[in-house]
There are 2 protein chains.
Amino acid sequence: MKNEQQFLDLIDSYFVREHDFLQLGRGDDCAVLAAGNQYCVSSDLFLEDYHFRRKYFSAADIGYKALAVNISDIAGMGAKPVAFTMDLMAPADLDDAFWDEFFKSMGNLARQNDIVLAGGDISRADKLGVSISIFGVSGSTGFIHRTNCNHGDILFLVGDTGLARTGRLALEEHGLAARDTYPAAVAAHLRPKPKVLIGTLLNAAGVSSLMDLSDGLARDIPRLLGPDFGADIQLSADQLNSNVIAYARDTGLDPLEIAILGGEDYALLGTVSPFEAGKAESVPGFTRIGHVTQTPGLTVNGHPFTAQGFDHFSK
Amino acid sequence: MKNEQQFLDLIDSYFVREHDFLQLGRGDDCAVLAAGNQYCVSSDLFLEDYHFRRKYFSAADIGYKALAVNISDIAGMGAKPVAFTMDLMAPADLDDAFWDEFFKSMGNLARQNDIVLAGGDISRADKLGVSISIFGVSGSTGFIHRTNCNHGDILFLVGDTGLARTGRLALEEHGLAARDTYPAAVAAHLRPKPKVLIGTLLNAAGVSSLMDLSDGLARDIPRLLGPDFGADIQLSADQLNSNVIAYARDTGLDPLEIAILGGEDYALLGTVSPFEAGKAESVPGFTRIGHVTQTPGLTVNGHPFTAQGFDHFSK
């Protein structure tokens with residue numbers, strides 16, 4: 001298997017996509033299960049040396065982020081997380097102080113979001129890893145899916161783009177010393193803030209589609225829009241966090257390219273009809289970044305954007 | 001952390017055990033979530049070199065067993081599995097033929113059980129690993145919990161004990177050549193059969209408690225009974241599979257000790273009131289192995305049994 005898509009195609013060839021209990025299938029932020037009321041469910045891996053480095057992630061950072069990235073998938077449905085299960089891969093060399101920090105930090109995040117740990121499994125393993133499955137519910141407005149936009153819809157973002165990528169690049173280069181130079185970027189990579197409340201507000205505001213921005217605008221916008229639509233993006237450097245600008249200047253990179261490639265920002269990305277945008281525009285942090293076109297593909301400030309964003313898998 | 005219990009205690013200190021959406025909390029085969037109707041949910045790891053060896057597990061065996069052990073947890077609730085999510089840790093060195101066999105085999109098991117793959121995550125990793133979360137529903141009789149027995153209840157088993165342990169020991173010693181000498185034991189380790197139909201029949205028959213036997217009678221009986229009860233077990237060698245007897249004879253081990261220590265049998269272990277046992281006794285494979293006592297601890301054929309069964313974690 002050369003890339004994630006090959007895995008997904010093979011899986012599709014052997015696993016049904018429709019089922020009485022499955023209201024929304026694979027491919028969105030979460031699946032939706034129903035027996036009476038509906039649950040959305042999502043599952044994410046958080047693996048040492050693939051998703052985090054122990055060199056600059058503290059035990060508390062790891063415990064926090066493993067759960068935060070899962071909560072973000074629930075936010076991407078405009079839903080509220082209620083419970084999760086955790087499968088923990090625990091190397092023998094980590095001491096009790098490590099685990100205390102790890103669970104305390106994760107437990108705090110769970111408490112802040114009023115989520116219960118429902119169960120899981122623990123095993124020895126060579127490297128530290130966490131696999132979490134998370135469950136969410138929605139109010140009367142249901143869940144917000146991907147690929148539900150229309151031509152002319154406003155494309156919007158709530159949260160930063162490119163900031164976590166800046167943090168990751170700076171941490172890889174300078175270790176925790178990067179914290180002094182790019183504090184917001186480092187925080188965005190180590191402790192991303194899932195936007196549950198924003199997601200439920202956008203849901204109530206009637207946006208047409210929504211997802212959490214985990215792999216960067218270049219990869220995630222096509223996933224949001226589906227194969228029939230494209231987007232014209234208008235993005236200027238002064239919309240970016242000053243850490244992104246500073247890092248781009250220090251390294252000779254293009255700040256807009258960092259912002260478009262992004263990755264792990266866990267911002268919310270969505271579309272809303274221009275005729276129903278009033279409520280959504282009043283959601284804190286709502287930023288219009290472009291509009292939906294009838295031609296697939298992305299243009300950024302009028303220029304076609306072809307480079308691929310961050311691919312966790314082929315990395 | 002020296003053992004699993006230390007992890008569980010630490011987790012309990014940082015994560016709440018009660019929640020509006022949690023009807024049954026951590027510590028049973030599954031948790032039960034409810035928003036309107038109820039789901040039971042469980043999560044299990046299946047990791048290379050910790051839960052399986054690629055030396056004698058084929059791709060098809062791994063794909064099968066990773067899902068089968070999760071289905072078994074649903075069977076342990078007397079429930080029916082409906083959906084699962086899969087987090088896949090995929091080393092780069094496995095070829096497409098491996099993945100085709102892996103998914104085909106898992107997909108067949110999913111189809112046979114009418115379960116849908118609802119979502120998940122895939123990442124590169126150093127070693128092959130699968131983390132599955134599975135969801136189940138029950139009919140009008142609800143879910144069967146652990147620690148719900150009474151003094152005098154019949155302790156019963158449906159399925160073999162010690163057979164999968166025999167298979168694992170023989171495979172570790174002889175590799176796949178063990179298949180010729182102990183075919184049933186090798187099959188029990190590579191391809192355990194989850195007992196969903198049996199579980200639903202036991203549920204309808206009104207048994208008082210039920211669990212899937214994954215860590216052997218010595219460890220799992222106390223988990224089934226809870227801290228207030230013990231069990232007198234009556235078990236004779238002629239109740240064991242002939243492969244267990246043969247392996248014990250060939251290696252000088254005690255067949256009853258293999259049977260009591262067991263591990264990974266995925267049989268169903270439960271209790272039923274002697275006054276309501278009629279229906280349960282007619283379930284295919286129902287075998288009375290003892291009764292519940294008011295004194296905690298186990299006796300086997302009148303002798304106290306103190307050795308600990310198989311502990312996946314401290315292994």
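Cβ atoms are placed via backbone N, Cα and C, with glycine included.
Annotated features, as they stand in TrEMBL:
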- A:Asp29, A:Ser42, A:Asp73: Mg(2+) 4 binding site (BINDING)
- A:Asp29, A:Asp73, A:Asp212: Mg(2+) 3 binding site (BINDING)
- A:Ser43, A:Asp44, A:Asp121: Mg(2+) 1 binding site (BINDING)
- A:Asp44, A:Asp73: Mg(2+) 2 binding site (BINDING)
- A:His51, A:Glu264, A:Phe310: substrate binding site (BINDING)
- A:Gly120, A:Asp121, A:Arg146, A:Ser214: ATP binding site (BINDING)
- A:Asp215: Mg(2+) 5 binding site (BINDING)
- A:27-137: domain 'PurM-like N-terminal' (DOMAIN)
- A:152-300: domain 'PurM-like C-terminal' (DOMAIN)
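TrEMBL feature annotations superimposed on the structure.
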{"residue": "A:Ser42", "record": "Mg(2+) 4 binding site", "DSSP class": "strand"}
{"residue": "A:His51", "record": "substrate binding site", "DSSP class": "coil"}
{"residue": "A:Asp73", "record": "Mg(2+) 4 binding site", "DSSP class": "helix"}
{"residue": "A:Asp121", "record": "Mg(2+) 1 binding site", "DSSP class": "strand"}
{"residue": "A:Arg146", "record": "ATP binding site", "DSSP class": "coil"}
{"residue": "A:Ser214", "record": "ATP binding site", "DSSP class": "coil"}
{"residue": "A:Glu264", "record": "substrate binding site", "DSSP class": "coil"}
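Filtering of the binding-site residues A:Ser42, A:Asp73, A:Gly120 by Cβ separation from chain B (threshold: under 8 Å) yields A:Ser42, A:Gly120, ordered along the sequence.
Binding-site extent for ATP: residues A:Gly120, A:Asp121, A:Arg146, A:Ser214, maximum pairwise Cα distance 31 Å (rounded to the nearest whole number).
Comparing Cβ neighbour counts within 10 Å across the binding-site residues A:His51, A:Arg146, the minimum falls on A:His51. In sequence order, A:Asp73 are the binding-site residues from A:Asp73, A:Gly120, A:Arg146, A:Asp212, A:Asp215 with a C-alpha within 10 Å of the C-alpha of A:Asp44 (Mg(2+) 1 binding site). Here the candidates are the binding-site residues A:Asp73, A:Arg146, A:Glu264, and by Cα distance the one nearest A:Asp215 (Mg(2+) 5 binding site) turns out to be A:Glu264. Of all the binding-site residues given, namely A:Ser42, A:Ser43, A:His51, A:Asp121, A:Glu264, those whose Cα is no farther than the 10 Å limit from the Cα of A:Ser214 (ATP binding site) are A:Glu264. Closest to A:Asp121 (Mg(2+) 1 binding site) in space, going by CA atoms and restricting to the binding-site residues A:Ser42, A:His51, A:Asp212, A:Glu264, is A:Ser42. Looking just at the domain 'PurM-like C-terminal' (A:152-300), the mean pLDDT is 95. Here the binding-site residues are A:Asp44, A:Asp212, A:Glu264, and the one with the most other Cβ atoms within 10 Å of its Cβ is A:Asp212. Between A:Asp212 (Mg(2+) 3 binding site) and A:Asp73 (Mg(2+) 4 binding site), the C-alpha separation comes to 6 Å.
The Cβ of A:Ser214 has fewer other Cβ atoms within 10 Å than any other of the binding-site residues A:Ser43, A:Ser214.
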